[in-house]
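Okay, structure first, notes after.
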Amino acid sequence: MSIATVPSYGLRHVSTTRPWLIKTLRFSSTPFASLASEQAEPNTMQSSNNVNKPTSNFPKRGQTVELVCESLAFKGKGLCKVADTGFVVMCDRALPGERFIGRVTRRKGSYAEVTKVETISPHWDLVDAPCEYASYCGGCKTQNLAYEAQLRAKEQQVRDLVIHVGKFSKSELESLEIMKPIVPCDIQFHYRNKMEFSFGPERWVPKELLAEKNEGDKIKNYALGLHAPGFFDKVLNVNKCLLQSEPANMVLVAIQDCWRDVDLGLSPYNVHSHKGFLKHLMLRTGRNLKTGLPELMVNFVTSSYKPELLMPLVERVSAIPEVFSVMNNVNTSVGNTSVGEEEYTLYGKPTITETLRGLTFQISANSFFQTNTRQAEVLYSLIEECAGLRGDGSEIVLDLFCGTGTIGLTLASRVKHVYGYEVVAQAISDAHLNAELNDIRNATFVQGDLNKIDASFGNNFPRPDIVISDPNRPGMHMKLIKFLLKLKVPRIVYVSCNPATCARDLDYLCHGVLYDLIKDVMQAEQNIKGCYKLKSLQPVDMFPHTPHIECVCLLELCDNPS
Ligand SMILES: C[S@@+](CC[C@H](N)C(=O)[O-])C[C@H]1O[C@@H](n2cnc3c(N)ncnc32)[C@H](O)[C@@H]1O
């Protein structure tokens, strides 16, 4: 196979020894492409750096430069240019149109990172951020950017990635109306049904508020809140988060009110010394099926099992009428995750409920469930639209990265059978439970690692008519891409929470994969031709004020896929 024989779609290089090492930089000299390749695979940057190494214009570490922010890019950082040289730098919390002085903190391949020193003129679309923590909390970075401008920036980011990383032409995207306008989120606050707060022994206070710090008062300095941007060990104390539900804020206030009381003998976990009891507070909001009102789960993650220590907190929160469940996940490891090796019910029931597209779901403390339920309704209806089901009950759906089975289950009534695959065992047992709860009998859920499939994977289910693939941020593994390119189902609906890896995978599926025959002669595999056409790409805003972007893509098998 040679590139010349490939009709309208090209081939992309992949090293066989490191299939994820995407050599995007080989094909593009634009700084955006290097940023995008970092999003697609952060670990590849160092090895790819030399390709785009700029020569003379590179500002030095510590140097201050005048900058203009042009757009939002990776992790919501501002993509900025040095005013006189046009050199590209990235700056956290710089917003489109803002002119400012920045100090270079580090060099990253073909660009540099800066921190903002002083704003010369503010960005376009400036609004007041309603949250008191907005200017330094790691959660919402763009609250002071008008929502319409946030949407424009997200849409632009997806378009740029699909062009630079996905290698789709602008004219192709426009003339065939592939790229759709972003779907806004109709509520921009209180949309999250799950928040995780951390306990810490010493609250992090931004420079401008240092005077308010209670120096010398150890207990008053204990923190319960969100991590300071970029730090796993620094916690910003928060009493309210505008992204979670009002009842969840009531719980947070109730706990903040009492957990530092010395008589209770509670201590926050210290991630350095590994001492202390309270690790995290997770709040999940569902919906009571009888009343339609919010129903809450409070989950304390602790380093050991000492229910007697938690009892005063349990009493306080269970007095809030919306609280239906109080759980304790015990995580004895030094790691700081919220999933415990053991789980105990301290009050009420071990799961809460939620409805999505007419179905009922049981949510346990650690099961994955779409975080914005309301917008998940919109997302799932777009997925169903793209799936283009005939509705005669004849089709087979393969639901990859199925989580608790929500997507497949919402399609089940219109198809012959749904086969779901997912790596987390707990999610699979929740999926079975969800099928049972909704009396769905034509769905099979299997636990398995989709990064480790081999050629026999397809023997586990009948040939699908539709594949839904909804991977997490790293996107699809090359083994799965190769499997799909060989399987050649008529349509794939690719749902992505990371437009960079989405663009990369669309490139592979549509344009193919070319193995690096020069470097990896011994392990050279056959090149694989792309065999899909990108029919539509729909960005959806699930998380206002944050950099996250969801996309629903429809891929159709080409006419002559062989
Ligand atoms: C974005 S979530 C999608 C969940 C589900 N489709 C939904 O809408 O609720 C991605 C899911 O992929 C699962 N996952 C991640 N890596 C995986 C792997 N290597 N193999 C199988 N599943 C994986 C995660 O556990 C998670 O449930």
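Just so you know, glycine gets a Cβ as well, placed from its N, Cα and C.
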Of the candidates Gln370, Gln375, the one that TrEMBL places in the S-adenosyl-L-methionine site of Phe401, Glu422, Asp470: Gln370
Cβ neighbour count (within 10 Å, all chains shown) around Cys497 (active site, nucleophile): 18
Model confidence over the domain 'TRAM' (58-118), averaged pLDDT: 87
Binding-site residues near Cys497 (active site, nucleophile) (Cα-Cα within 10 Å), from Gln370, Phe401, Glu422, Asp470: Asp470
Residues in the domain 'TRAM' (58-118) grouped by DSSP into helix, strand and remaining coil: 3 helix, 36 strand, 22 coil
Sparsest-packed among the binding-site residues, when each Cβ's other Cβ atoms within 10 Å are tallied, from Glu422, Asp470: Asp470
Among Gln370, Phe401, the most crowded of the binding-site residues [Cβ within 10 Å]: Gln370
